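**Student:** Handing you a structure now.
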Amino acid sequence: MCLRLTELCLLEPKRSKRPPTEGWGGGAGGAAPPGRAPGSGGKGWSAGGPARLPAHLPRPHRPLPPRGALWDPAAGCAASSAVLVMGLQPSPVLLASLGVGLLTLAGVALGAYLVRRSRRPPVTLLDPNEKYRLRLLDKTTVNHNTKRFRFALPTAHHVLGLPVGKHVYLSARIDGNLVIRPYTPVTSDEDQGYVDLVIKVYLKGVHPKFPEGGKMSQYLDSLKIGDMVEFRGPSGLLTYAGKGKFNIQPNKKAPPEACVARNLGMIAGGTGITPMLQLIRAILKDPEDPTQCSLLFANQTEKDIILREDLEELQARHPNRFKLWFTLDHPPEGWAYSKGFVSADMIRERLPAPGEDTLLLLCGPPPMVQQACHPSLDKLGYSPKMRFTY
């Protein structure tokens, strides 16, 4: 449309055969246009003859110069554009063209939206009540008693579809009995085509309190590449919505309650670190998330600390947003962190103080959580609403 207006501006109107007269409409020889006195204006070309404008149209604010004279293109375009906009009625053909153009533009916008939507990766866990059989892709050793299991999702483009804070259940028939265990992946929905689980393998005859070892962990350790395992989820009572916002269900049948925590404290023991790592990564990934994270990680020995490199890397990259502290039952000589079970003094020194914007998360062996953590939290004044146990 702009090109057509410009082209119109460059066209020189046909001149009347009559000699130029004063003003716009013939000076002494014709009627003056509306709003202009006869003979007003300077010498200029005549609007009479074949190039006469209809009487109802407004005249440009200045005449075009005579042939051979200098002409101001901007002024001429402005005048002609004003005539077109204010006076000319759009033709049916023009209206039809505009309608087709608008429909085309809307179609292009809708198509672009659908393309973007179609690019979202497909989700594996579509129904939390269904079981999904996933194939074991790889099995690697993390330390002396822990392994990383990688399972293939349905396609290379699939994601697991696990909200932050949720976990999955693995189920298997072992010695004729159905065994079900919860696990939190160490991968996220940014990883397509696979899901990783870091699992401590409790072997038979190693721990005196568990002479039979871990049924599920030993079963997973016995799998061959290509074997199938049943996954179910998402499951869990806690969901992280971002920016310090948590949705927590008091129990499975209760609706979730909203909670905002600017100070997040975490106590983890052994493989209980996996849900904490999932949450820490999600918070630190968002530069606008104001949540401050503090982690107290308990283990028996230094070699039992899993995912230590991941945690220390996160602390190094976000020293003002993530505080990391360890405690060991049997520390080596020169150990720079705490020694012994989780205590009230450790919690007071390393985790955020009780408050309306404080939330403490706990995950680990039941003896640690029930016998060490909760009594200490009671002593320090953390109310039940300030803590959540996985």
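Any Cβ shown, glycine's included, is placed from N, Cα and C.
As listed in TrEMBL for this protein:
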- Arg181, Pro182, Tyr183, Val198, Lys200, Lys215, Met216, Ser217, Thr274: FAD binding site (BINDING)
- 23-47: compositional bias 'Gly residues' (COMPBIAS)
- 129-241: domain 'FAD-binding FR-type' (DOMAIN)
- 14-63: region 'Disordered' (REGION)
- 94-115: transmembrane segment (TRANSMEM)
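Describe the structural surroundings of these features, if you would.
**Tutor:** The Cβ neighbour count for Met216 (FAD binding site), using a 10 Å radius and every protein chain shown, is 20.
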**Student:** Are there any residues in the same chain, six or more apart in sequence, whose C-beta is under 8 angstroms from the C-beta of Thr274 (FAD binding site), and if so which?
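**Tutor:** Residues satisfying the criterion: Tyr183, Thr184, Pro185, Val186, Val198, Leu307.
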**Student:** Lys200 (FAD binding site) has how many other Cβ neighbours within 10 Å of its own Cβ?
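**Tutor:** Around the Cβ of Lys200 (FAD binding site), 15 other Cβ atoms lie within 10 Å.
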**Student:** Counting every protein chain present, what is the number of Cβ atoms, excluding its own, within 10 Å of the Cβ of Arg181 (FAD binding site)?
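**Tutor:** I count 16 other Cβ atoms within 10 Å of it.
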**Student:** According to DSSP, folded down to helix, strand and coil, what is Tyr183 (FAD binding site)?
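**Tutor:** Where Tyr183 (FAD binding site) sits, the three-state DSSP reduction gives strand.
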**Student:** In the predicted model, what is the mean pLDDT computed over the domain 'FAD-binding FR-type' (129-241)?
**Tutor:** 96
**Student:** How many other Cβ atoms are found within 10 Å of the Cβ atom of Tyr183 (FAD binding site), counting all protein chains shown?
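**Tutor:** Total other Cβ atoms inside 10 Å, all chains included: 22.
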